[in-house]
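Colleague: Swiss-Prot feature annotations, pasted as is:
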{"type": "DOMAIN", "residues": "6-185", "note": "domain 'Guanylate kinase-like'"}
{"type": "BINDING", "residues": "13, 14, 15, 16, 17, 18, 19, 20", "note": "ATP binding site"}
């Protein structure tokens with residue numbers, strides 16, 4: 001039977017919900033076989049982040065040059081910074097049969113949905129907006145004004161969870177990781193994803 005094309009797994013949610021933490025937990029698991037699609041951004045590197053591992057960090061000028069070159073699946077501006085997903089790596093990796101894991105902001109996920117309607121969209125939600133505020137304050141990296149801006153944005157983003165296939169509440173990182181892995185495993189077993197392969201196999205048997 002032909003190799004199954006990989007899934008594009010899109011993990012999205014409000015800033016501060018713990019997308020990066022959950023993603024790291026998933027990739028620390030030795031059973032994980034997904035390939036991570038590293039996003040590009042113009043925001044400042046946070047303590048502990050590594051260029052080319054967590055993000056590709058670019059200047060605004062570099063990023064805008066890549067936009068003109070049509071080098072992104074999606075890009076968006078969020079709280080004054082650009083975020084984007086380089087396109088070629090994603091396409092090539094999926095064709096090789098690997099699942100590609102993409103961690104992006106909500107605005108970017110909307111663009112991906114238009115270009116990759118068959119992708120798997122998972123919304124990572126906070127237990128509450130108060131919990132989200134506490135996480136943002138706990139980072140100790142932003143002013144009260146910027147934190148309030150992110151919480152206000154999160155309110156709008158939570159209202160858009162109906163655009164996603166699944167919602168995972170990040171009340172505990174290990175549980176969120178397990179839920180996401182279970183969703184991906186189940187998605188591979190969906191009839192629509194394998195029916196075409198079997199139809200082709202049956203046609204070849206008849207020849």
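Just so it is clear, glycine is given a Cβ too, placed from its N, Cα and C backbone atoms.
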Colleague: If you count Cβ atoms within 10 Å of the Cβ of residue 18 (ATP binding site), leaving out that atom itself, what do you get?
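Modeller: Other Cβ atoms within 10 Å of residue 18 (ATP binding site): 19.
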Colleague: Where does residue 20 (ATP binding site) sit in DSSP terms: helix, strand, or coil?
Modeller: helix
Colleague: Of all the binding-site residues given, 14, 16, 20, which has the fewest Cβ neighbours within 10 Å once its own Cβ is left out?
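Modeller: 20, out of the binding-site residues 14, 16, 20, has the fewest neighbouring Cβ atoms within 10 Å.
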Colleague: For residue 15 (ATP binding site), what is the tally of other C-beta atoms lying within 10 angstroms of its C-beta?
Modeller: 21
Colleague: Beyond the listed site residues 13, 14, 15, 16, 17, 18, 19, 20, identify every same-chain residue whose Cβ lies within 8 Å of the center of their Cβ atoms for the ATP site.
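Modeller: Counting only non-site residues, the set is 124, 126, 132, 135, 170.
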Colleague: Using a Cβ-Cβ cut-off under 8 angstroms and a sequence gap of six or more, which residues of the chain neighbour residue 13 (ATP binding site)?
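Modeller: Within the chain, residue 13 (ATP binding site) has Cβ neighbours under 8 Å at 19, 106, 123, 124, 125, 126, 157, 170.
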Colleague: State the count of C-beta atoms found within 10 angstroms of the C-beta of residue 19 (ATP binding site), not counting that atom itself.
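Modeller: Here the count is 19.
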Colleague: Validating a neighbour-count step here. Other CB atoms within 10 A of the CB of residue 17 (ATP binding site): how many?
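Modeller: That number is 27.
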Colleague: In terms of DSSP three-state secondary structure, what is the assignment for residue 15 (ATP binding site)?
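Modeller: Looking at the DSSP assignment, residue 15 (ATP binding site) belongs to neither helix nor strand, so coil.
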